[in-house]
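Undergrad: Just passing along the structure, written as structure tokens.
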């Protein structure tokens, strides 16, 4: 190992003279973003340095103190006021309040005019202050956490608060401590310089990640001494990319070594399984990657809010028209006035007086613009979010999680979704990958016993057996029992979003190991494959041509065991490392070495081509005989005990393959930075030198490991990846004709097996290898070393390097991994489709797999016509789209056609998304009932969502669980992340986060419907009550010379909409329920009303305005004619008008409400009593409260007269009678679906059974798939699976009506 390291370092140093030139970036590379001081890169040195210039550079960087609050004690009032002034409505009302201080245009007391806007600003400010105070408490807690920092004065590590950490400081951490800042790992107590971290606080992933000390640092014999550290670090400026870190470290000798992401410890991660680590801080505070990704709640503009803004503009237009009418009328009235003795002498012309009056009327009629509506909407949305978050149906007991509402202002959009775009893996499926079957060297091994085992798990889960659903984390403990771990692990609330009251788990409790449930681990081997592997330990094992298949098998399982980044540990030993000397193999390796050497040669001149026999399981009949003669004794992997191996995998695929290899005794036993310990059957434990890991990425769709084979000492590349990629790269060495025949046979058979796997819905991965000569490896290593140590374009260079290596691969075989559907996925998709929502599945899987899953989840029905689009050219794509569109049009014209489902592969999707074809693609897909896009990339997913959203102008929802779904989630109108097996990237980018796909059903059909209808009705009600009351003031202008006078005192005028009628709309928007949750779930068709915006159409808005106009006419002119000819003054005339308006507005809500509870009655009666109490007290005690008028005794006198109550009663009845009759007639003649559903809520099972019997007698021959209920022309269909228990029993008694 030492020799190889020295050799590698010599080759690495060859290009160091040119690869790190910061002043001369490589041609074509993009320049780095500059920091706040204009530097392109960050320079970090030890904070102990004596260099004043470097010290000043360190001081220029951000400290580690985190402040997520917006305000300080001094800045709160000005800053909050400045933010509130960004709302046009607030600026408008401040302008009106200021205008009222101008004597020539003021309408009433200036002091009173500022009350509404002050109240609105104060309420919003209090809400903002409370939210900021909670953030301040959380920040104070985080900044006060303690860590060990090296002190120059005391020459030792001392406890300091997190906020006192600065760039360049040396920080020492122990096991289970949280990392306070982004640090470069300089020392680890692990002898191999490895550190393990848990990133759950950062991305939600509980599996361990491996980090390593910077290369070429002194050996880890003793702890790092900060005084001896004189290196300089050059790295990129702060950014939010969690998976990237680029830079280099320059030693005093001017030698440089590259830095990458595996050298960086990120803030908020937790040290695990490592006793001590020391690092130097490179990013602190708000410059850390964790804080760069902490964007907080998302804010979007909802569709309803956009519609509201349009109607507010219409209200402005109405206000201007009314004010212009009054201004013109006032000018004409003054011009035609002959007797002016009662006017104060004034030289102002009628035109100028009309101009002044225009602004006066703006002040008088200002409530036409609903100032309190915006505050009310915020309050209602917060309450809606509270109800959603506290819905117990969204709680996942297994994961101990509930729904998260990250976007606070688009709850109503949940009720208007028209298209749902869903990922498949982890969203529709469990993302619990279980090894199901495999094919090796063209021979398929069905693993029938393993299939039966999985069926048993399914049955047990259906019966609710908890022993089969044991938590994925078994008995693993990350408490580092053998280590010194005195500090506790805490949760960073500012980064995870947990409430302050939640307690973090104790670090000494057993932690969960991902992807290690019994279902995932306990794999039953295929007996025929076991027999072949037993040949390695059989005394009759012979080296001959037929045994070449055995070499394929061993290499196949070797690749499964080592081609990964799995961390190995056990309960008693936190980390399994590779010992310096592996134990002696169980048998002589001479024959096996020769076998592998022959397989690794470029040519196979001694091999004969394969013979095709009747049995697909063997290369030759002779080998078949040998295996049957020597079955050997198969012993399964040892049962878990004190040394149970626990695998910490980064993905469920990796875990499934490692568990599969272990089932065949090809066990990954330990991992270090440079070596792997693998146990092979018949060979014992072997130490495998790990040269390079080429990680998986979405571009290559594969990962590789480069190792030095423990038997042949050759450099071998093991690769696993998507079959579409590996099959293209699997080519035989040039000139090996016989080998080409063998490889051709293997590729042909493997492709057949892959197609079968895909039809069964299995996820497929291909396994391949490549043997490199020393010369080839040396050439590649030089280029790869340059790529690894580059700062500019490092990712592109690494990608190019990996692609150079992964060519001319030898195909070993493929695996089929089962990923089961989540519970209730078919029912959820069926409900969404019945609700009128079109569901698209966007997945990277094979076409056959996608189709199989689409059938399993009922996205593709048996009666659907399947349309597939697989094209190799743009011209072919265009012709096919036109052909498919014609076929769909013919099908739509024909009777009895169920529907069409379109399946498009990624290559065709590239052509279809181009500018000149996307119209045809969109038109075709719009006519299909469902669309499945397979082999699609993350970018294609986002382009599809954006195309549908922008071109069709529909509401879109995207749901996914992984990082590859982030772009799609962010593009959609509503993005939903699933907190599943792939971390929290999707959740952090989403508007809402759920734990299971089935929760989407209730979220949309119930809460979405409620949120939309409640908010839409409340907004319409706000417009109605404001317009209705403003019109009363406008009608009065026709009788006062358009002078801007009002028939009420200014206090009542201001408080009428602000206080007296503000609480009922809030209750209306929060608690109104048109249909119960159970009925909304049973009848998804009710969701269509929200999709079509039936609750808030432009016609609905104008009809509401006309109704408000009519009611204002009745409310004004009935009191006018009742008091005509009397001696009632202006305020006496206005008293019954105000009282009648209040009663009309409150009872109007009673007519519109679908729910009336004691709380509604309390608020409505309380509002009326509040008004009458206020006016009575005001008329008794107020003498000079409202100059120049004097309201003293007016309301007291009016309320003592019977005429007052008679006028109020008659006015209220006549004003509300048309709306009441309209509702009665419409609900009787043409009831809406929601009304029919509300009637169903009132039916008891007995009545339901009687109607069912009547229906059976008349409709027994019907072939309808659903159940039709005849309740007063009720024709809503209810599938059988949603009937209540009592009704199902009744239905069994009356006979089934299903075809």
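Placement of Cβ uses the backbone N, Cα and C atoms for every residue, glycine included.
Values in this document were obtained by computation on a predicted structure and should not be read as measured data.
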Undergrad: With TrEMBL as the source, identify the stretch among 1159-1183, 1234-1258, 1259-1283 annotated transmembrane segment.
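TA: The listed stretch tagged transmembrane segment in TrEMBL is 1159-1183.
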Undergrad: Please identify the range among 1130-1147, 1184-1201 that TrEMBL labels transmembrane segment.
TA: 1130-1147
Undergrad: Give the range, chosen from 448-470, 471-493, 494-516, that TrEMBL lists as region 'Disordered'.
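TA: Spelled out, TrEMBL records region 'Disordered' over residues 494-516, not the other listed ranges.
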Undergrad: Using TrEMBL as the reference, determine which range in 254-280, 281-307, 308-334 is annotated transmembrane segment.
TA: 308-334
Undergrad: Would you please say which range out of 1036-1060, 1061-1085 has the annotation transmembrane segment in TrEMBL?
TA: 1036-1060
Undergrad: What residues, ordered by sequence, lie under 8 A Cβ-to-Cβ from residue 423 (active site, 4-aspartylphosphate intermediate) and sit at least six positions away in the same chain?
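TA: Correct list: 841, 842, 843, 941, 959, 960, 961, 962, 964, 965, 968.
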Undergrad: What same-chain residues lie close to the transmembrane segment (1036-1060): Cβ under 8 Å, and 6 or more beyond its ends?
TA: 107-109, 112-113, 115-116, 119, 326-327, 329-330, 333-334, 337, 357, 360-361, 364, 367, 370-372, 1025-1026, 1029, 1116, 1120, 1130-1131, 1133-1135, 1137-1138, 1141-1142, 1167, 1170-1171, 1174-1175, 1178, 1185-1186, 1189, 1191
Undergrad: Go through the chain and flag residues at least 6 beyond the ends of the transmembrane segment (1203-1222) whose CB is under 8 A from any CB in it; none is fine as an answer.
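TA: Distant contacts of the transmembrane segment (1203-1222): 1107, 1110-1111, 1114-1115, 1118-1119, 1122-1123, 1135-1136, 1139-1140, 1143-1144, 1147-1148, 1151.
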Undergrad: Please give the average pLDDT for the domain 'P-type ATPase C-terminal' (987-1231) in this predicted model.
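TA: PLDDT averaged over the stretch: 89.
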Undergrad: At a C-beta cut-off of under 8 Å, are there same-chain residues at least 6 beyond the transmembrane segment (1101-1124) that contact it? List them, or none.
TA: 311, 314, 318, 1020, 1023-1025, 1027-1029, 1031-1032, 1035-1036, 1039, 1132-1133, 1136-1137, 1140-1141, 1144, 1148, 1203, 1206-1207, 1210-1211, 1214-1216, 1218-1219
Undergrad: So what's near the transmembrane segment (1130-1147) in sequence-distant terms, Cβ-Cβ under 8 Å and 6+ beyond its ends?
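TA: The answer is 1024-1025, 1028-1029, 1032, 1045-1049, 1052, 1056, 1060-1061, 1064, 1111, 1115-1116, 1118-1120, 1122-1123, 1164, 1167-1168, 1171-1172, 1175, 1189, 1191, 1194-1195, 1197-1199, 1204, 1207-1208, 1211-1212, 1215-1216.
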